[in-house]
Amino acid sequence: MSDLEKTEFALPEGFGRPDDSPVGLTVLPEERDVEKSLRPKSINEFIGQPKVREQLNLVLAGARRRGVTPDHILLSGPPGLGKTTMAMIIAQELGTSLRMTSGPALERAGDLAAMLSNLMEGDVLFIDEIHRIARPAEEMLYMAMEDFRIDVIVGKGPGATSIPLEIPPFTLVGATTRAGMLTGPLRDRFGFTAQMEFYSVEDLTKVVTRAASILGVSIEPDAAVEIASRSRGTPRIANRLLRRVRDWADVNGNGHVDLAAARSALAVFDVDELGLDRLDRAVLDSLIRGHGGGPVGVNTLAIAVGEEPGTVEEVCEPYLVRAGLMARTGRGRVATASAWHHLGMTPPPDAPGQLDLF
Ligand SMILES: Nc1ncnc2c1ncn2[C@@H]1O[C@H](COP(=O)(O)OP(=O)(O)OP(=O)(O)O)[C@@H](O)[C@H]1O
Ligand SMILES: [Mg+2]
């Protein structure tokens with residue numbers, strides 16, 4: 001089994017949404033191969049994220065000119081926006097190999113030492129979910145990132161000795177859905193942080209069209225736009241919705257996806273016009289019907305919808321905020337006037353509107 005597969009299984013239980021949700025962000029085992037086939041292989045093939053692409057191109061080209069390994073790179077952003085894909089592309093562009101692991105898999109410093117001591121010069125070490133790395137491994141990582149050296153402790157108790165070990169120069173690529181949870185010293189050791197943003201409908205339309213051509217789905221342009229606009233700004237969801245729409249078209253028609261097929265399929269799977277799924281709507285519902293629009297704490301909301309607070313915070317909220325439906329304030333989460341309208345209700349006069357937020 002490759003390290004990549006280990007990484008993706010290493011996410012803690014309860015991470016993501018219920019598996020029956022088409023918008024859920026948990027990568028299901030049967031989906032792994034499809035995702036692999038859909039991953040862009042080069043920076044030019046990577047759709048959207050113009051800023052990140054430009055910055056990365058510079059970082060990589062600069063290092064190439066100077067003949068050194070690039071600075072360590074942190075990829076930050078909500079699930080499904082292409083962090084793992086980008087890490088693979090970085091190694092590809094550098095012409096080096098990629099070693100993959102994840103924060104939760106590095107429980108002991110020894111786990112990391114084993115990974116580091118196997119690196120070859122110039123390799124890219126990818127640590128997914130780097131904010132979940134255990135403390136002792138994190139401390140070892142500081143030294144490795146800064147001095148390409150680690151101290152390996154041999155033995156236990158008073159007889160324990162520390163043996164210095166040189167590590168060949170490498171580039172660490174860390175990915176995180178929670179940049180705020182990284183400790184200061186770790187964050188400071190990255191030379192460059194790429195902030196991945198939600199995708200525009202236009203870019204997601206390209207993602208859907210590209211995936212359709214790879215998967216051999218015949219699709220009308222307006223159907224691709226429809227799927228894109230309901231994908232919560234997220235390529236993983238766009239690809240997933242495309243496959244559900246294809247299922248619908250295969251079963252109810254001749255497999256050709258037109259606008260009517262896309263709309264009917266998305267209705268069956270409970271994805272509304274804004275791309276919100278049941279969990280998003282449950283959060284808004286609890287915020288508005290249960291708490292008069294807030295402010296209310298994320299823990300209270302999570303309990304009300306039966307989810308982990310981390311899931312509500314990492315998966316639901318970024319998109320609700322970006323869609324202008326929710327605001328995070330010092331006192332808690334607040335529903336905007338648009339959120340009230342979205343649930344078909346009249347907002348109270350003091351509900352914040354779009355303009356108050358930006
Ligand atoms: N820019 C893009 N263009 C085309 N497809 C993309 C792009 N970004 C991501 N994808 C598709 O979306 C899927 C998810 O991307 P990826 O696994 O890289 O996301 P991630 O940010 O690592 O997610 P997670 O936080 O859950 O690990 C990939 O299989 C890929 O096919
Ligand atoms: Mg990933």
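We number each residue from 1, going along the chain as drawn.
Just so you know, glycine gets a Cβ as well, placed from its N, Cα and C.
Owing to the predicted nature of the structure, the values given are computational and were not obtained by experimental measurement.
ATP is bound by Leu38, Arg39, Gly80, Lys83, Thr84, Thr85, Glu146, Asp147, Phe148, Tyr199, Arg236 in TrEMBL, and the record lists one more residue there from Arg135, Arg189, Arg246, which is Arg189. Distance from the CA of Arg328 (DNA binding site) to the CA of Leu38 (ATP binding site) is 34 Å. With respect to their backbone Cα atoms, Arg328 (DNA binding site) and Tyr199 (ATP binding site) stand 21 Å from each other. The Cβ neighbour count for Tyr199 (ATP binding site), using a 10 Å radius over every protein chain in view, is 25. Close contacts with ligand 1, defined as a Cβ under 6 Å from any of its atoms, occur at Leu38, Gly80, Thr84 among the binding-site residues Leu38, Gly80, Thr84, Glu146, Phe148.
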